[in-house]
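Q: Handing you a structure now.
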Amino acid sequence: MIIRSPEPEVKILVDRDPIKTSFEEWAKPGHFSRTIAKGPDTTTWIWNLHADAHDFDSHTSDLEEISRKVFSAHFGQLSIIFLWLSGMYFHGARFSNYEAWLSDPTHIGPSAQVVWPIVGQEILNGDVGGGFRGIQITSGFFQIWRASGITSELQLYCTAIGALVFAALMLFAGWFHYHKAAPKLAWFQDVESMLNHHLAGLLGLGSLSWAGHQVHVSLPINQFLNAGVDPKEIPLPHEFILNRDLLAQLYPSFAEGATPFFTLNWSKYSEFLTFRGGLDPVTGGLWLTDIAHHHLAIAILFLIAGHMYRTNWGIGHGIKDILEAHKGPFTGQGHKGLYEILTTSWHAQLSLNLAMLGSLTIIVAHHMYSMPPYPYLATDYATQLSLFTHHMWIGGFLIVGAAAHAAIFMVRDYDPTNRYNDLLDRVLRHRDAIISHLNWVCIFLGFHSFGLYIHNDTMSALGRPQDMFSDTAIQLQPVFAQWIQNTHALAPGVTAPGETASTSLTWGGGELVAVGGKVALLPIPLGTADFLVHHIHAFTIHVTVLILLKGVLFARSSRLIPDKANLGFRFPCDGPGRGGTCQVSAWDHVFLGLFWMYNAISVVIFHFSWKMQSDVWGSISDQGVVTHITGGNFAQSSITINGWLRDFLWAQASQVIQSYGSSLSAYGLFFLGAHFVWAFSLMFLFSGRGYWQELIESIVWAHNKLKVAPATQPRALSIIQGRAVGVTHYLLGGIATTWAFFLARIIAVG
């Protein structure tokens, strides 16, 4: 008998060569579906092809295969992102005035696109200063490049090439992990290992390496730039890394190396890891030493967080245990069963992630202007407005996406048999109470918020300003918001040792910061006007939530259609025999939710744009007198609907409407074109399918008469296709119109 030592158990987590690589198959449209692969009978085929190409649930019901497809697609997505980034850096290297901007960021505008003269397009190349003619960019790339220590266009070239290499690598990884070594389902469901890698690896080591880059490269280079040293004279990044004496000249404690760290004498590092608060008066951005400190702290937190969960060693938390331990006195089974949901339904997982990421994106929008992180960002008003608007729209779309995937989870992945009395079941059982209360809140907010405006418009029209809600008549001060502002303004010196200013100048208390005669930031006053528009925000957000939440909670069943789950995620009506059952699918709720999301975000960006032009942005004279772009008219003008129309939309549209013949004329054309795209959507939203089918049939008759009828039968768009085309053009047209309006205005006056 041979005694063997037990073999160590190694889990095999991948399948080798599971699916052969076949270009013939890829070249066949609809290869993922037996029906679509047959080819087109009617024009509906092309719609189904697009609708189902990425709906992996419809290709197979095998969770492992779905997981692999999603995983592989993520690498494709990353590849596109790297390609896009490479393009941005390449434009910076090849077509931009980055080096000129770097030497004088207050007088030279950022430009990274020069239009070729074909039939007069060169009119678009405006004078951005320093003798450079090009299109002014508003993406903030120049500011982030300066903050990271890029001093030449050669460095941008190298980064662009590096990004292309990574794009190729990602494409390869996507192919490799689907066709050559595809992970097993168990790998996708190993949440503790995933948390370990994402928290400690991605966020922890990612933040740590960025903090290291900031300390060793960004800080010294920015120190030189702020002192007015010519970028060409500044040592290159690798010289700072390899030569400690260079850094020690700027930060003497560098000479001591890591000794203070191991002897716990950390205060030695306070030269370059600071906790100041406020803005750097030279650049109008956050102190880069504060930012480096922040990333170091974040890195420590996430490195610890990444080691809290139980993986191969039997210590640490298990997510399943944590969830099942969450039981309150009134919550029945509590979170029991949520673990199974989140590891078997990627829609449920995605829904949570989208809700979190969407909220985070909106938080980013609000911090980019109140705590501008990059040098010379705060005085670049066009970029500030663009970044705010961009992050608000993205956040809105992500949150609607969260509701969409929550509803898909409810329809496709929810299994009522093993859900009893846990939190989700309890929410579903009192959904009527939730939705009816939410409905009441929406009615209350709608009537009261608009009622205040209508009152003001009426009093204004009757010439009774003393009876209006305003800062000079009947005041409705946002006292709670002002209290929060005050608390933050008084916080420095009380909360953190050595903190000299509050987190943001907007809280109040501090002086204003101006760079090159332009206001970077100052305390933002809040008054009656903000109180009114704030309640419009509350109203539009609650209506959006009402629509989306109703779609999720009634996705499987309702009193009207008890068997809704059998009809799927999107369906036009419940059969011909039941009137009044159209537009009730979960998909239709997402469709309607998108319009209200558009309403909500529009009011937010209008509020921001006008408020900043009126109360923050402007120029400052040698005597210290601030002249705001619209002269502080927000408080008195925005308290009536007429004021919004006259003093915001109409008054500020003059730049885009009069842009023809100037370098801003493209915005004028976009403004016009995007209005057309928006109007085009109404044709799809306000018409019936039957009307178009009749029209198509008479056109087909004419084609048959002339013997030019195609083999593929034309079909009118289905009800759902029509609504999809409608909402797409509505949003695209509306967003592009707003974009052109904002940018023509702010580039002209900012």
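In case you wondered, yes, glycine gets a Cβ from its N, Cα and C as well.
Quick caveat, the model's predicted, so the values are computed rather than measured.
Taken from Swiss-Prot, the feature [4Fe-4S] cluster binding site covers Cys573, Cys582, and the record attributes it to sequence analysis. Per Swiss-Prot, the feature chlorophyll a' binding site maps to His675. For Met683, Tyr691, the entry in Swiss-Prot reads chlorophyll a binding site, with the evidence type sequence analysis. Under the heading phylloquinone binding site, Swiss-Prot lists Trp692. The transmembrane segment feature in Swiss-Prot is assigned to 70-93, 156-179, 195-219, 291-309, 346-369, 385-411, 433-455, 531-549, 589-610, 664-686, 724-744; the stated evidence is sequence analysis.
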Q: Please report, as numbers and ranges, the same-chain residues at least 6 past the borders of the transmembrane segment (724-744) whose CB is under 8 Å from any CB of it.
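A: Residues 138, 382, 385-386, 389, 393, 591, 594-595, 598, 602, 605, 609, 652-653, 655-656, 659, 664, 667-668, 670-671, 673-685, 717.
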Q: When you scan the chain for residues with a C-beta under 8 Å from the transmembrane segment (589-610), skipping those not six or more beyond its ends, what do you find?
A: 369, 385, 388-389, 392-393, 395-397, 399-400, 403-404, 407, 530, 533, 536-537, 540-541, 543-544, 547-548, 550-552, 630, 634, 638, 644, 648, 652, 723-724, 727, 730-731, 734-735, 738, 742, 746
Q: Find, among the binding-site residues listed as Cys573, Cys582, Met683, the one whose Cβ has the highest number of other Cβ atoms within 10 Å in the structure shown.
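A: Neighbour-count leader: Cys573.
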Q: Excluding the flanking five residues on each side, which residues at least 6 beyond the ends of the transmembrane segment (195-219) place their CB within less than 8 Å of a CB in that stretch?
A: 147-149, 237, 240-241, 247, 250-251, 272-273, 288-289, 291-292, 295-296, 298-299, 301-303, 305-307, 309, 311, 319
Q: Are there residues at least 6 beyond the ends of the transmembrane segment (156-179) whose Cβ is under 8 Å from a Cβ of it, and what are they?
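A: Distal contacts: 17-21, 68-69, 71-76, 78-80, 82-83, 85-87, 89-90, 92-94, 98, 145, 150.
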Q: Tell me which of the binding-site residues Cys573, Cys582, His675 ends up closest to Met683 (chlorophyll a binding site) in space, Cα to Cα.
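A: Answer for the nearest of the binding-site residues: His675.
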Q: Taking the Cβ of His675 (chlorophyll a' binding site) as reference, which residues of that chain separated by at least 6 in sequence fall under 8 Å from it?
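A: Once residues fewer than 6 apart are set aside, His675 (chlorophyll a' binding site) is near Gly733, Thr737.
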Q: Can you name the residues of this chain that are 6 or more positions from Trp692 (phylloquinone binding site) yet have a C-beta less than 8 Å from its C-beta?
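A: When sequence neighbours closer than 6 are ignored, Trp692 (phylloquinone binding site) has Ala716, Leu717 within Cβ distance under 8 Å.
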Q: Could you tell me the C-alpha distance between Cys582 ([4Fe-4S] cluster binding site) and Tyr691 (chlorophyll a binding site) in angstrom, no decimals?
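A: That separation, Cα to Cα, works out to 18 Å.
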